[in-house]
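Copied over from TrEMBL, here are the features:
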TRANSMEM  36-56  transmembrane segment
TRANSMEM  68-90  transmembrane segment
TRANSMEM  141-163  transmembrane segment
TRANSMEM  292-320  transmembrane segment
DOMAIN    298-583  domain 'ABC transmembrane type-1'
TRANSMEM  332-351  transmembrane segment
TRANSMEM  408-429  transmembrane segment
TRANSMEM  547-567  transmembrane segment
REGION    632-653  region 'Disordered'
REGION    881-919  region 'Disordered'
REGION    934-972  region 'Disordered'
COMPBIAS  951-965  compositional bias 'Low complexity'
TRANSMEM  1006-1027  transmembrane segment
DOMAIN    1007-1308  domain 'ABC transmembrane type-1'
TRANSMEM  1065-1089  transmembrane segment
TRANSMEM  1143-1162  transmembrane segment
TRANSMEM  1168-1188  transmembrane segment
TRANSMEM  1255-1273  transmembrane segment
Amino acid sequence: MNTEPSFDALCRQSEGWGPFSPHRYDLTPCFEYSTLYGAVSMVTMLLLIARYYYLMTYGVPHRYGRTAWIYWPTQISIALTAALMMTQVVSFLFESTATKGDNKDPVAPLVYVLGCLGMGLAWIAALVVNRLEHRFEIRSSTIISLFYLATIIATGVILHTHFDLQHNNKTTVTIRLLPLVLALFVQLVGFTVEAWPRGSTRVQQLSGAPEYDKANIFSRLVMYFFQPVVSIGIRRTLTAEDTANLLSAGSRTQPGYQKLSVQWNAALEKRARSPRNQRPPSLFWTVMRTQFVALLPIIFCRIVIALLSYALPVLLGLLLEYLQDYEAKPQSYGIFLACSMFLVALVVALLCTYNRYQMFLLNIGTKAALMSMIYRKSLRLSPGSRLKSTTGEITNHMAVDAEQWNEGMVFLSTWVSIPLEIGIALFLLYRFLGWSMIAGFLGMVLLLPLQALQAKVFESMQSGKLAAMDQRIRLTTEVLAGIKIVKIYGWESAFLQRILSTRNQELAALKMIGVLQAFMSIIFISSSLIISLITFGVFALWGGPNFTPGVLTPQVVFVSLTLFAMLRNPIASLSEAITSTISLIVGTRRIQEFLLREEIQEEDVIRFRNVPMDPRDPVIFIKDASFTWSDPSTPSLTDDSAENEERQPLVPFEQSSSSSVHATLESIDLSIRNSSLTAIVGRVGQGKSSLLSAIIGEMYKLQGRIQVSGRIAYVPQQSWIMNATLRDNIVFGNKYDQERYQHILFACGLEPDLAILPAGDMTEIGERGINLSGGQKQRISLARAAYDDADIYLLDDPLSAVDAHVDRHLWDNLLGPTGLLRNKARVLVTHGIQHLREVDWIVMLKDGLIAEQGNYHELMRDKSVFYQLIKEYATVRRPSLSGRRKSSAAILPQNGSSATGEPYPGNGSNNTDHNNIAGSTLLAPDVQESDSASFTLSDTTDISDQEADKPTTTNPETDTSTPTTAKDDAKKDTKAELITAEKMKEGQVDASIFLVYIKALRYRNAVLMCILFILAQICLVSTTLWLKYWIKRTEESQDLTNSSNSNTRNDNDTPTGTPPPSVGLFLGVYALLTFFYVLLYVVVSWLTFAHARIRASELLHRNFVTKIMRLPMSFFDTTPLGRVLNRFSSDFASIDDRLPNKLFDASYFLVTVAGTFMLIIYTAPQFLLVLPFLLAAYYAIQVCFLRISQVVTRMYSVSKSPVYQHFNESLNGVSTIRAMAVQERFIEGNGDRTDRMANSFMGSMTAKRWVEVQLRLLSTFVLLFAALFAVLGRERLDPSLVGLTVSFAMSITEEITSLVRIGCDFQNHLVAVERVIEYTDLKTEAPEHTDVILPPNWPDQGHIRFRNYSTRYREGMDLVLKNISLEILPAQKIGIVGRTGAGKSSLTLALFRIIEAASSSPSASAGVGSGSSGGVAIDMRDEEVEAEEDGGSIEIDGIDISTIGLEDLRKHLAIIPQDPTLFAGTIRSNLDPFQELLDHQLWEALERSHLKPFVSTLPGGLLFQVSQNGDNFSVGQRSLICLARALLRRSKILVLDEATAAVDVETDELIQKTIRKEFAGRTVLTIAHRIKTVMDSDRILVLEQGRVEEFEAPQVLLKRKEESLFFKLAEQAGEI
């Protein structure tokens, strides 16, 4: 009982606690002091204490000093405010004993004192915190800024109340409240200084922080920090530099990864500590725990927004109440209500935008962290895990699953606001409708089971769609990666059908999702209308007292309608929240499954950083070790197996279903010392490459011990080349050392190659080394390893890709006993036997076991397997020492000088131990003794095996005097940039793109959608108009009833005596309109999502993939795979999902906004005076936004390609990356690219938030004008019409904002269509079929004739074949030889029309003339010009191949390509993709290619699943499968393009025997490194610089000796 009096004692004031004054339209003073001063100061104190703790605990001083002109004024204003508040406390305390007349109440109640005291203490705390803010932060304090604003508002309100209460004694009031008046002035000054932009201050300029991190809270609320970008975007097209600093530091990859990985590792450790708990940790909840603190203010804002939003209908109710009885209250009260609605809407608008931006910052940080985790995990996957995760699937985790978090927090936070909004709406509805709202609530509850069912079904459908998309992306990736092989074999149509088949599965799932969306729209879109029907029906029937019919008044109906309209948002959001949350959870669960995959066991290999001090101790020690590629825990081979491209595994698939795991390598005992050279030899598939993989830890260790001491450099069998400059590929992130670099270029024989590259070593190398020959790629890979200056070199058959003379050069100068790496431990896998005499140790592998090991002489003495191999296949006559001298001299520049003009140092003493490559010797003494008269292939002698006459090579004749070296940094050429930056269109998306999409939807569907939307909107507006009409009828009926006796009223519409309106009629019409609205909405949803979008997606994808498959190879040579895949994944994800959704929403809001404006104009015609200005403002904002948003959206689309390209590149080279321990550098590179992509995304999001702020601010003025016009015209306006208008105006803020934002989003997503159309407009290859009718069994002879044939790779490039004229008779065996750039492979590509004959063009003619220099005879130039003007022709059996279709040509030729490529699928589909042959034919081909015994042991035989890129077969086995393909073609023409480079000599001999037997009577063109392979050819074609140098029988050429180039090559190879 004492509580109340003591509480009341704080407020001894006549108006009491209030909050509203009984005498005035205002708040009571006690409420103002207790709330505006007391409560605000208490909350601020708590926030300041928390901020102080955070800064002192986690803050890092920025050390840029303080901005004096901001720091001291704010400190002084804070101190003065605190002092003035305390002065006011003293003043109130002094007055507390004074009395007024006979009244004993104090003049200043105690609550005044406590309120001012709280304010004073809060400002004292702010003084301390402000000092720390200037020390730790570069921006103004959010807490202090908001406290300033709150104090100014509170002080102004309190002073207004005091003046209002004591207006008769203003002097006394002014003197009493002088401290508060002065405090208000000081606060205004301090607030101005605190909120002043600090971009020009020294602190912010030195910080280099992102613009967002420098902006204060008010700049963030109105997005002012983005205004400079907008201003630039209006003046000119934005560039990447203009938006380069938008991403907040806290949202970058590294900090996000660190926070998330700590939580994820803790979850993994917790599971590991609980063996009983087999449930995997949830990545989704780990993310939520990580972001919990950052989510709290977002959730708080959501709650505040919900509360303020529902204050609007309450204010609307008060406004309608006032309009019904406006004479009882002054007009100022109505204006106050209108302004209050405006202010509430304004605050809600600012908070919505700010909160949404904060959520996107959180989203992008989470996405970046997940992408970093995926990338890091991909570098740690075990062999078993890599079998389960293809490159396409892992890319999908980044491109699709992580992308779900772009809007993840937006939808997750709605799970807090949706129940709150629904609860508030139901409470307010209860206030207006009473218990009748329970009927609507029960209707809502009945919909919940359907929502749960929808969620379950949608999750299943979404998983199926994502699985189909994974399959499509994986298949597309594989086909595009091997597109050259696909084209050469003429398999485009077969693989196109496979891709389209997987696409159809994806679209079938998408269609089912569309049907579900259409059905569920009844619940989520129409539910508010259905609920209002039920509620109004019950109210009209039984809503009155004692269940009598309720009276529908304007206040009841239109406030309820507003609440129902507002209820539609959370209910509609519930649908989107469910589907988006499910998609988010499914995507996150897929990432979680990937992150839980098994990692490589680092502890399997014991590693020491340094080599042993004792030279007798081994650097590689393996004891009784067994290794396998199969996961020991799951020994059976899975069908979806796929490994990384560097894998060389799984020869022995003989494993059965038994529980034991078959070891690929068994009982390995091996010891390798420093400075030794060890050779690993054996037949194809015996485990040679696997042994190297075991050493670097890439295999499962079953038993034994393996120890490695020192750093490893690894050269894989299939060279891994990055899309970077040649220098970057060699330096590989190490510090550039010119001298060491030059030494390595010479040792790897790369100097002559630099002479023919457009920009020397600064020439950009295409993706996968597309513009290099195999030999060049291998030598760059060797140079990278050599430059790394490692201790141990693992070399997986690097000599197989080079010619004999190059082989000798690499051996003498790099790998052999006199080479640059002679003081390093070298483990060399080789199929060649010519160098085995010179190695220190030989290991012979057979069936995964070490059959023999020892030095050369010991093994020869034992006369076992190795002895038989050497005796049977060794060359009879080895090259003499002088021959070695000649071969070495052949690649030296003239006069034995380096390219820099300086002589190379001598070899020095062989006993000298050099551990640094830069100080190592380069050439043996005998090499230096060779003179200039020694044989040279040409002045620019090339020592590679095969031509690099790929797109970036130019005419070697442009410089034949001196090789170009890396020192020629000034050398530039436009052709040096093979991979150009992705083009980004400027300006708005062209209207033609919109028409393309509408045409894909079908015009009829688009028109029908518009009509249905208009009809649905008419039904929706009609329901409200019907309610207005019903209210009017009800009121008139009541008036007539009340005045029937006096007959004082006679309305024109309702004459006297009209019966009361029928409730049945009211409900019937209302229900009918609702039914038609729901029906129309379901139909338009089905039409959009289940029909039109499926057609558009199918049509655009089919056209796109068909066009891509038909593009020439020059496109793929110059376009990174990631750039194309970005369109197949991200862009088609937009076309499939986002674009139709945006079109649907934009159409809906367009019709809704148009209807609202028409209704407002009908109600208040004076609104027409304001409307033009509003529309002009909306249009100006939209134009500005589109100019900016489309640019930043394109930037975002372009920024994604480097991320996926780098990711694919890293996955392809993961073995090299791990072996050379450069994971951190690649992780950093991935983070940089991810941050650039995130920054581009934030540019797009910031532009959207900027326009949202502008639109919301404008829309609040629409509400203000509608309410003010209603108040000012209160005497003549119908309250029902006013209620209808204002209720619609309240929703227009969200509707207009959504319309412009979604409309702009739609145009931005049209960029995806634009990017797809960009590629479909490119020029394709020649037709697959023509009208030329080929003879039966063509070619039946194999007669080939080149007539003055010339060609180039692309327009504007130099010719690679020049005026070739030769005739190959039927059944001839032709050997093709030549140096790099000679045109060997170009000749075969021309035969398959991968490149076409050169045609006359101004650019082509200009290219030859301008590119010539010394060394080219004058008389030859005229001939070249003629060759360019007429590209000549190629005839096969008398038919010009340029006249027939490409598929008709390519399917009638057979080839065994240089890079044996297999595709995921079965062995059968790899041999016969068109399913044209019988099984026995396939087995017969496998038997003739020596693969039948091996394939017959595989599970499923011909149906055995080939993994991605054929990684579960060795390179040699892949070559044999390609041989089987050629055998099945039964063509009269066979091309062997370095076909046996990757097999051992024994297998090579078997293949050659097979070819001689099976292709007897057929024309065979052979390009080979091993001269021995072509020695038995009928004729030898020697190419030199694109021309025919020699074309005779080998015997004739050998007789010419020194005059013959072929003789010199054969002599170097030891064949003569």
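Every residue gets a Cβ built from N, Cα and C, even glycine.
Predicted automatically and left uncurated, TrEMBL annotations should be read as such.
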Beyond the flanks of the transmembrane segment (292-320) by 6 or more, those residues with Cβ under 8 Å of it: 334, 337-338, 340-341, 344-345, 347-348, 351-352, 354-355, 358-359, 362, 409, 413-414, 416-417, 420-421, 424-425, 428, 432, 554-555, 558-559, 562-563, 566, 1267, 1270-1271, 1279, 1282-1283, 1286-1287, 1290
Beyond the flanks of the transmembrane segment (332-351) by at least 6 residues, Cβ under 8 Å: 25, 221-222, 301, 304-305, 308-309, 311-312, 315-316, 318-319, 322-323, 326, 1253, 1256-1257, 1259-1261, 1263-1264, 1267-1268, 1270-1271, 1274, 1290, 1293
For the transmembrane segment (408-429), distant same-chain residues with Cβ under 8 A (at least six beyond the ends): 288, 291, 295, 298-299, 302-303, 305-307, 309-310, 313-314, 356, 359-360, 362-363, 366-367, 437, 440-441, 444, 535, 559-560, 563-564, 566-567, 569-571, 573-574, 576-577, 580-581, 584
Within-chain partners of the transmembrane segment (141-163) [C-beta distance under 8 Å, separation at least 6 from its ends]: 26-27, 29, 32-33, 36-37, 40, 44, 47-48, 51, 74, 78, 81, 119, 122, 126, 129-130, 133, 170, 173, 177, 180-181, 183-184, 187-188, 190-191, 194-195, 216-218
Long-range Cβ neighbours of the transmembrane segment (1143-1162) (under 8 Å; 6 or more residues past either end): 1009-1010, 1013-1014, 1016-1018, 1020-1021, 1084-1085, 1088-1089, 1168, 1171, 1262, 1266, 1284-1285, 1288-1289, 1291-1292, 1295-1296, 1298-1299, 1302-1303, 1305-1306
Chain residues outside the transmembrane segment (36-56) and at least six past its termini with a C-beta under 8 angstroms from it: 111, 114-116, 118-119, 121-122, 125-126, 128-129, 132-133, 136, 141, 143, 147, 150-151, 153-154, 157-158
Chain residues outside the transmembrane segment (68-90) and at least six past its termini with a C-beta under 8 angstroms from it: 113, 116-117, 119-121, 123-124, 126-127, 130-131, 134, 140, 144, 151, 177, 179-180, 182-183, 186-187, 189-190, 193-194, 196, 198, 201
Chain residues outside the transmembrane segment (1006-1027) and at least six past its termini with a C-beta under 8 angstroms from it: 529, 532, 536, 552, 557, 561, 998, 1066, 1069-1070, 1073-1074, 1076-1077, 1080-1081, 1083-1084, 1087-1088, 1092, 1144, 1147-1148, 1151-1152, 1154-1155, 1159, 1284, 1287-1288
